[in-house]
Amino acid sequence: MRIHEVTIQAGRPERYYWRDLWQSRELLYILSVRDISVRYKQTALGASWSLIRPLATMLVMAFVFSVVAKLRPDPGVPYSLMVLAGITIWTFFSNAFTQISSSITSNANLVTKVYFPRLLMPLSAVAVSLVDFLIALFLFVVIAIVYKFVPDWHILLMPLFVALALLAAFAFGLFFAVINVRFRDVAQLIPFLVQVGFYACPIAYSSAQVSGTWYEKYYIMNPMVGIIDGFRWSLLGGRTHLNPQSLVYSVAISLVCLLLSVIFFRKRESTFVDDI
Amino acid sequence: MSVITVENISKHYIIDHKRGKGTNSLRDAITGTVKGWFGSSEATDDVTHEEFWALRDVNFTVEQGDRVGIVGHNGAGKSTLLKILSKIVEPTSGSVRIKGRVASLLEVGTGFHPELTGRENIYLNGSLLGMRRDEIRKAFDEIVSFAGVERFLDTPVKRYSSGMYVRLGFAISAHLNPEIMIVDEVLAVGDADFQKKSLGKMRDSSASGRTILFVSHNLTAVQALCNKTLYFEKGQLLEQGETNQVVASYLSKVSRTRLRREWDTPEEAPGNDLVRVHRMELIPDYPAGTTHIDVRTPMRVKFEFWSMMDRANLNLSLHLYSLTGECIFNVGSESTAYGKGLIQGECTIPGYFLNDGTYTISVMIVKDTVTPLYNMEEGITFDVEDFREGVAWYGKWPGYVRPQFPFRVQALEPIIDVR
């Protein structure tokens, strides 16, 4: 029989951490399923909430911005579809980001009682938002049919932008997850960030409106601009505005932040149990 | 073969005492240094640090198949040690080498989610404890029948009775198949039947070569299960060896008589905003010619406390524990309405009731017969000496109580010798 040997020592990162993480993938699955099945327990409408929320937001946005404020969508694209595409990817990002940043504290009972690579917690936190996203994407398809809108080959690139959104959510969420263990202020900060982000990103409006202004070069530094525009661009057949430079920022910032966040997370991980 | 080797393990905590309000808020960190988040925390001006060694220079080895009991007072470092061995807490210095798969049972039903059904929680808890899914599937029926929850498998565990919850939690861990099992105080929950069942289960599994580390306040359980025992005191390993020896020396060290405790003002007294303890006293009514408490001695427990509530229905609940932590009895007084002020209760324990041994008394103040306001734990500790006359046998008198119930024996009819 294989003898499993472990050495526990102060200040030394677990040598087999990444192997442990891989071997715990079953636990990852089970934790994800737990979060998903708990999500809509004891609600009358259940999973339809994942449809109702983006739909209602879209209707309000479409009315306020296109009827009241008279914002123009990109040519050849129905305003509602443009908004809905933006809302879909933004909701995905912000949910994943929020869940990840509270993933350690919301599993405090596990942190103090059982060992497993702590990265499993932020990883499993993504599951719920991923399911919600798929439902919302289905909603998008239905609305697109209503508008008789047919996407073209661009849609093949869509998973890429979803992955990028996930990467960004992870990069930023992980950082806040660590801070949250020590400072619960994060729980207050996150909804605020999400709210500001909603307006700072091209969701209810097209980034074409920013194009050519003096502040565009700062605007596109927001990594979410490229991701949202890219997602919309792939869904709506390349007819919406997409500044390729903004995508460079998205990829570069997300990757660098992810790397830093993972290092930070690994460094603080062993103290979670003392701080939580 | 030694499966666990612990060398010079220490765990050091720094407790921050901050002046003013606001502990651990972001503001402190910003006004302090950002560096503190990344490295060890830096001192800001209004913080005083207190060092605390939860464990200090602990060394021991555990052989394969050993059943090791870990005893000591609260705060002796037992749980910290288990958490280090379970990789939950990182030691400050020292090293541990473990050979074999470890399952830690620091809590019954770790990770149970109240909204999930029994079935879902079996999988969740099982995989948290390190079981693979096919292992859980194989043991599933056995777990369910051990826990006796067949009918409630698809009911959310929030609807379970606390007994069912505990049984299910234990049943899962009992079917783990690790080489080393680390168990913390799980027997503190559950009824006597359950404790017996789970102790039996642990003994069985150790018979098959499994190593067990077992923390408990219940010395009887430690003696029943463990062949070796470690005795911790204030973070240090005071003694290790055969269970009977170590337990005996633990008992001799902790046994101390304290018959009276008193606090003059509510400010310094133990308690909370609602009630404060003024005095707790054991008054023996020594029979003529005796000067210490023995099995004959009737006693009164006097308990006085301040109530800060204008009007509340209160009663006292007295628990008497043996030194091994088992509750011998619990007596409650009648619930009566009292106003603000000093309240006294007195409970009489008759003579010829307790067996010889060391006992502690806790008194709990209860509101409306359901809400415990304060529990004065281990307020009084006392020894009851042995006394017997007309008996030529001097072995230890068995049992927790030593009543003199009427026991009439008479000759009914003689056997006539018909030679």
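Note: Cβ is positioned from N, Cα and C throughout, glycine not excepted.
Quick look at what TrEMBL lists:
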- A:45-268: domain 'ABC transmembrane type-2' (DOMAIN)
- A:51-71: transmembrane segment (TRANSMEM)
- A:77-98: transmembrane segment (TRANSMEM)
- A:119-147: transmembrane segment (TRANSMEM)
- A:153-179: transmembrane segment (TRANSMEM)
- A:186-206: transmembrane segment (TRANSMEM)
- A:247-265: transmembrane segment (TRANSMEM)
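Listed by sequence, the residues of this chain that lie at least six past the ends of the transmembrane segment (A:186-206) yet keep a Cβ under 8 A from its Cβ atoms are 61, 64-65, 71-74, 82-83, 86-87, 90, 94, 97-98, 101-102, 105, 176, 179-180, 222, 224-225, 228-229, 232, 240-241. Sequence-distant contacts of the transmembrane segment (A:77-98) (same chain, at least 6 residues past either end, Cβ-Cβ under 8 Å): 53-54, 57-58, 61-62, 65-66, 71, 125-126, 128-130, 132-133, 136-137, 139-140, 143-144, 147, 149, 161-162, 165-166, 168-170, 172-173, 176, 190-191, 194, 197-198, 201-204, 206, 224, 227-228, 231-232, 235-236, 239-240. Comparing A:51-71, A:119-147, A:247-265 for CB pairs under 8 angstroms to the transmembrane segment (A:153-179), the maximum falls on A:247-265.
Long-range contacts of the transmembrane segment (A:119-147) within its own chain (CB-CB distance under 8 A, at least 6 residues past either end) are made by residues 21, 24, 27-28, 31-36, 39, 47, 50-51, 54-55, 58, 78, 80-81, 84-85, 87-88, 91-92, 95-96, 99-100, 102-104, 107, 110, 162, 166, 169-170, 173-174, 177, 235, 262, 265, 269.
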